[in-house]
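Working notes, beginning with the structure itself.
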Amino acid sequence: MITMTSFIELLGLFLLLMLPFLYETNHIFRYYFKFLMYYGIVSFNSIILIPAFLTRPCDVRNLLWASTWCHRVSTLIGLRWELRGKEHLAKDQACIIVANHQSSLDVLGMFNIWHVMNKCTVVAKRELFYAWPFGLAAWLAGLIFIDRVRGEKARETLNDVNRRIKKQRIKLWVFPEGTRRNTGALHPFKKGAFHMAIDQQIPILPVVFSSYCTFLNDKKKILNSGRIVITTLPPVSTEGLTKDDIDVLMDRVRSQMIETFRVTSAEALQRYKPIKRGGIPAASSASTSSSSTTTTVASPGTAATPVADAAVAAAAAVASNSSAYGQPPGYGAGAAKASLLKTL
């Protein structure tokens, strides 16, 4: 007679055996499972690292330890990052890094390049501090939490940080768009980062993540394997600039980032070539040249851009039937399955 304990064990075994099947056949399950692995591993590593961080609390070098423990999450969920312009990021100087913000997956990209940046910290919203254990570990690692509701308090915090980063030659990472949005476009920038750079006369260092639209669609619950290009542009000097030059400086940096985003996103899209099989429609614009007008990323406030439309269609096709759509070499369902099986 099967006891309750045996029944629970059998049920657990059945669910365990079903994981690879659900992972391969259901893109919604795969989406939540990958994010669960991501957040779960980062939280677990946070618990392990907190005692080590206590030996040098609020030291930005602690983030190097965190990146060493957490950067392999990208491999588990099928993401690969390619860094370009490494020489600009590796330079030992104080600067304000401004980067586009598409998803919480941005943090995984940062983990993969933190060893290049060396001394770098991040400006984050105060709410993240309360997401323990991650929030506590992040604070002990030197992250800067600001209260976006209390503007005056936030400005005081950033002014104190600004003086410290110049003196200690620390890089400060800021997402000037504020809110993360995976729409295939760069959105309007806030002026805070540019105020800080001009105030201390330190350079702006633009960093651009190529579009996630080829593998991520939060509305449709799609998270496939993918390749992301991280491009570091040459630093933009602020020497001699005043507060009156902020708008011009911000527009200049944003224009450079939009052009880089357009080029690298079109390049990523080239790797998703349609194979019409099993009734999956071909996304004809996926093979369009990057110089074609169909790869132009529209400015914020416009309708969906052609490159974003094609990328979303590619991601949806892969999610519907990963065997019927050509993913980038080495990023197919087989590689993802192998990563999954290693965790079971």
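In case you wondered, yes, glycine gets a Cβ from its N, Cα and C as well.
Where the annotation comes from TrEMBL, it is an automatic prediction and has not been curated.
Under the heading transmembrane segment, TrEMBL lists 6-23 (among others).
The transmembrane segment annotation in TrEMBL covers 35-54 (among others). Panel annotation: around the transmembrane segment (35-54), residues 62, 65-66, 69-70, 73, 76-77, 104-105, 107-108, 133-134, 136-138, 140-141, 223, 343 of the same chain, lying at least six beyond its termini, place a Cβ under 8 Å from a Cβ of the stretch.
Mean pLDDT of the predicted structure over the domain 'Phospholipid/glycerol acyltransferase' (95-212): 88. Residues or ranges marked as domain 'Phospholipid/glycerol acyltransferase' in TrEMBL: 95-212.
Here TrEMBL flags 128-146 (among others) as transmembrane segment. Counting only same-chain residues 6+ beyond the ends of the transmembrane segment (128-146), those with a CB under 8 A from a CB of the stretch are 42-43, 46-47, 49-50, 53-54, 57-63, 65-66, 121-122, 153-154, 157-158, 161, 172.
Per TrEMBL, region 'Disordered' is recorded for 279-301.
Feature annotation from TrEMBL assigns compositional bias 'Low complexity' to 281-301.
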* Asked: How many of the residues that make up the domain 'Phospholipid/glycerol acyltransferase' (95-212) does DSSP mark as helix, as strand and as coil?
  -> 51 helix, 24 strand, 43 coil
